[in-house]
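If you look up TrEMBL, you'll see 446 marked as active site, proton acceptor. Feature annotation from TrEMBL assigns FAD binding site to 156, 195. What TrEMBL records for 36-150 is domain 'Acyl-coenzyme A oxidase N-terminal'. Summarising the annotation, TrEMBL assigns domain 'Acyl-CoA oxidase/dehydrogenase middle' to 152-260. TrEMBL lists 293-460 with the feature domain 'Acyl-CoA oxidase C-alpha1'. Residues annotated as domain 'Acyl-CoA oxidase C-terminal' in TrEMBL: 505-680.
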């Protein structure tokens, strides 16, 4: 048999897709928008940030270490190795280009894949900045900023995650030697899930139970060297490694570590707030334990802003693809292109609009709330520095509920967008599969989403009791106590809407959300205080109460944000955003109708009006669908999606990516000789083999 060249890659024939070309379709979609896309983009980001964004994008698009073209074809070892190369090059670029922290954040955002150094910048450095003394900053922070030491944040254990007070790792102070002894007393005390710990880090912020003179003071942070700075080997007394493959996030070396009576110097105890006196082991309490809450608020506010991008990315891919993708002919309203009847764009089907357009509205809602949370964080920090903590409790409670609601919303939205892309949504080339996998940890880290709702509900109950007992002065009213007070003035009020159009008034929608949240809080407090229900037995209702409050926060910030922007935006852009706010409100209300009906604020007839309004808003938003996702200005490099390309060349991109599949780089698979040939050629030995079979006869 003649030999042949097997190293011939598969190539698709050069043919055009059937139907209207994707680039022409998206151009037509953009032409029918009712507002100026660039105006909205500049409003959200500001020109200075957009210029910076463009400069960073231009750099990394031309950097081999930031190349994404092989991402969907690699195994874990290859992906981790590439992630290390990207991290090294990131450090070099920051020095070469004199990048600021914002520039580096933009580069990491655009790369859109966590890597071994992610927790160094995301948790290790912020902890050193916020919780160290001046002496510790010189010892730990300064070399960490230069990447001379690389760190991670080791809090979660094999046996404990959300329950920080249950952590088992101990740090016992040895008075005689002025050292701490870090020890893992049980298997479940092993630190677990720690990003960057598996292979990258040589230092770790370790949360361990502080033991002083036999007394347990609970978890405190320590900066601990874990690997040699000479050859990176684990130090004596330390067992450390990678926890193995995960559902997603596999470019990060999430690790485990156990300590065997491991000694560290006194200086390793992070002492900006609490302190341990040398020699005696006397504990000096922090001046105000609430100071650490501000950092949590900041992290959670940024998570909400991150949800904006997560939803925007998913929606951009799904909306553009739905505009280009054609399926079936709508007999009642046939689509014509160049005087010919063609298949209907998927985005023109009402069900597709119902699935997709509210997700765009959610993305914009998260933009306005994220911005407001960051504003409140800055105001609260200034207040706390002046000794004023009045904003903190409300801000902490709302940020807890928002982190829970918004990340859950994002996970659902990403998956809804993937499914809305049909069969191609299941391909990695869609950009949605791995994105969903990598985003999923957000519902767990920085507080499990269901556990966080308890923090929000506990605060709501406390506020309700105070307002009901007339203990809250009018001058001390905040957002939460304000709507609870309004409810208690007339707990039997009813929605005044008489037709669907009445719900186009934002205040009508807001009043419904206020009443629902307050009514549910009142019932929760009554069941806990008067009916003797246990907290544990009420956790399902607690989650619902938290959701009601935070959905009100989202809608309220959306509407108030629009009111504040009236002088900054044209009337057409304002109207497009107003439609988004109304769609967010009406769709959310429709999804939660049971709560509104049980509160008896809405009647069944009014519930029907809300459903009608949602459908009416879909038709209003439809002409702006592509423009609304374009306004988020997410470049193709970031999306890395065959379906979400700006130019709409979906099918060309899908086939090009298929050509890059390594299996297609040879005509015959390497497994042929061992696994296929013996089976096929078995007939030859039995006298039934016919050479090339039917093809030879033909």
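Using the three backbone atoms N, Cα and C, a Cβ is placed for every residue, glycine included.
Automated prediction, rather than curation, is the source of TrEMBL annotations.
Using a 10 Å radius centred on the Cβ of residue 195 (FAD binding site) and all shown protein chains, the other Cβ atoms total 27. In the shown protein chains, 19 other C-beta atoms lie within 10 A of the C-beta of residue 156 (FAD binding site). Rounded to a whole value, the Cα-Cα separation of residue 156 (FAD binding site) and the residue listed as 'active site, proton acceptor' is 11 Å. Residue 446 (active site, proton acceptor) and residue 195 (FAD binding site) have their C-alpha atoms 13 Å apart, to the nearest angstrom. Secondary structure counts, DSSP: the domain 'Acyl-CoA oxidase/dehydrogenase middle' (152-260) has 6 helix, 51 strand, 52 coil. Within 10 Å of the C-beta atom of residue 446 (active site, proton acceptor) sit 17 other C-beta atoms, taking all shown protein chains into account.
Across all of the domain 'Acyl-CoA oxidase C-terminal' (505-680), the predicted model scores a mean pLDDT of 96.
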